[in-house]
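Report on the following structure.
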Amino acid sequence: MDSSVIQRKKVAVIGGGLVGSLQACFLAKRNFQIDVYEAREDTRVATFTRGRSINLALSHRGRQALKAVGLEDQIVSQGIPMRARMIHSLSGKKSAIPYGTKSQYILSVSRENLNKDLLTAAEKYPNVKMHFNHRLLKCNPEEGMITVLGSDKVPKDVTCDLIVGCDGAYSTVRSHLMKKPRFDYSQQYIPHGYMELTIPPKNGDYAMEPNYLHIWPRNTFMMIALPNMNKSFTCTLFMPFEEFEKLLTSNDVVDFFQKYFPDAIPLIGEKLLVQDFFLLPAQPMISVKCSSFHFKSHCVLLGDAAHAIVPFFGQGMNAGFEDCLVFDELMDKFSNDLSLCLPVFSRLRIPDDHAISDLSMYNYIEMRAHVNSSWFIFQKNMERFLHAIMPSTFIPLYTMVTFSRIRYHEAVQRWHWQKKVINKGLFFLGSLIAISSTYLLIHYMSPRSFLRLRRPWNWIAHFRNTTCFPAKAVDSLEQISNLISR
């Protein structure tokens, strides 16, 4: 394709969040003219950011996307490695469950700082222009036209070759695509909300072990804590909304934490706990699925706009960043031909993003309940053992999702296959132990004892002579044995 044509391509990126700003970097490298429209003010100058601010877990997929635009080292240097889950039981006991091998870890990063860094990186490209406080009013993908409303309150029509919807779970771009025939959409609010709390530094250092994702699992709800660069921890309490609604006073909150998170109170402090708890109401969590992710060659959805997921597998940002990376790889493959790239992008990403959405739902149950069980710990130890002796044959689900770029839906399929293999292996092992035990029992048992086992009615005589079994009960058993022997 002629380079002058490529340079004339104009792209409107709707949304200047994590995925939107990263996608602007990817597209700017292709010499497209990029305009990013963000409804909020510039987060780098905002005095207070309201709403979602859950700490993020950056893993392999996200790092590969950042690496492709030359930002991996910068972002990684601002993250804190977390090598394992640290489980806090109700009794105060702590136990670590490694994520993978000693060299494998995820990174705790600040959403706010990461967004600022990505915006700054995008603005460094001369062909990128940021438009803050610009809200999308209309989107007409057939004609490649959008209407935006800036701070001057005057609607402005903008024409472009490609509209990229990166405007989050409540995407305006997606809402316009939903009016098109054969566009499928579903959403689900889970019955749990989240609330953020803070564990401040203690004597200038971390109040807990910093290189862990701390979890307080309590079956129907849980709390997690991720470390920050300033030696604090950001805690997130996930709980059904009806439970949040029961905590109306300061005493209610303190009593609740004393009952379910007693070891967290001295870490947070009662005063700060109450202050943070009533600062903002519990926030909802939504899961969104749609199909397809594109419309002709003029519009595409990325990140939460295409597949908002609950945060319990730590893959929301990573999946969104991988969207950008896959899109970039396809643009290379098809030489920037959007008519070829967009349909393949939808075909590849829809099964993967739906798979990680389902896994995230499943992982909430695992995090809040299963991690307490001995069987769960046994399974994790077995997975690590099998992976150690057969690294290319047996790969734990978490490793496939977090430390590789195996496609999400393929990871799920492989996980189900591996579970079947393990279950069959355990059944075979159990059967072998049972048969071996029976053989040894028979082989070393005296003939007289063996004869008693073969003839159940002889047991009755044995009970009559050696126990204080009631006589009437023995007589009843004799009657049954006589029927059996006939």
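Even glycines carry a Cβ here, placed using N, Cα and C.
Swiss-Prot names Arg85, Tyr99, Asn363 as L-kynurenine ligands; from the candidate set Tyr398, Tyr408, the record adds Tyr398 to that same site. Comparing Asn372, Asn465 with the features listed in Swiss-Prot, the residue bearing the annotation N-linked glycosylation site is Asn465. Swiss-Prot lists Tyr37, Glu38, Ala39, Arg40, Ala57, Arg111, Leu136, Thr172, Asp304, Met317, Asn318 as binding FAD, and of Val19, Val76, Val154 the one it places in that same site is Val19. Across the residues annotated as binding L-kynurenine (Arg85, Tyr99, Asn363, Tyr398), the widest Cα-Cα separation comes to 14 Å. Rounded to the nearest whole angstrom, the C-alpha distance between Met317 (FAD binding site) and Arg85 (L-kynurenine binding site) is 20. Secondary structure at Tyr398 (L-kynurenine binding site), taken from DSSP and collapsed to helix, strand or coil, is helix. With Tyr398 (L-kynurenine binding site) as the anchor, the candidate binding-site residues are Glu38, Arg40, Arg111, Thr172, and the one with the nearest CA is Arg111.
The binding-site residues Val19, Met317 differ in how many other CB atoms lie within 10 Å of their CB, and the one with the most is Val19. Under the DSSP three-state reduction, Val19 (FAD binding site) is assigned to helix. The Cβ of Arg40 has fewer other Cβ atoms within 10 Å than any other of the binding-site residues Arg40, Arg85.
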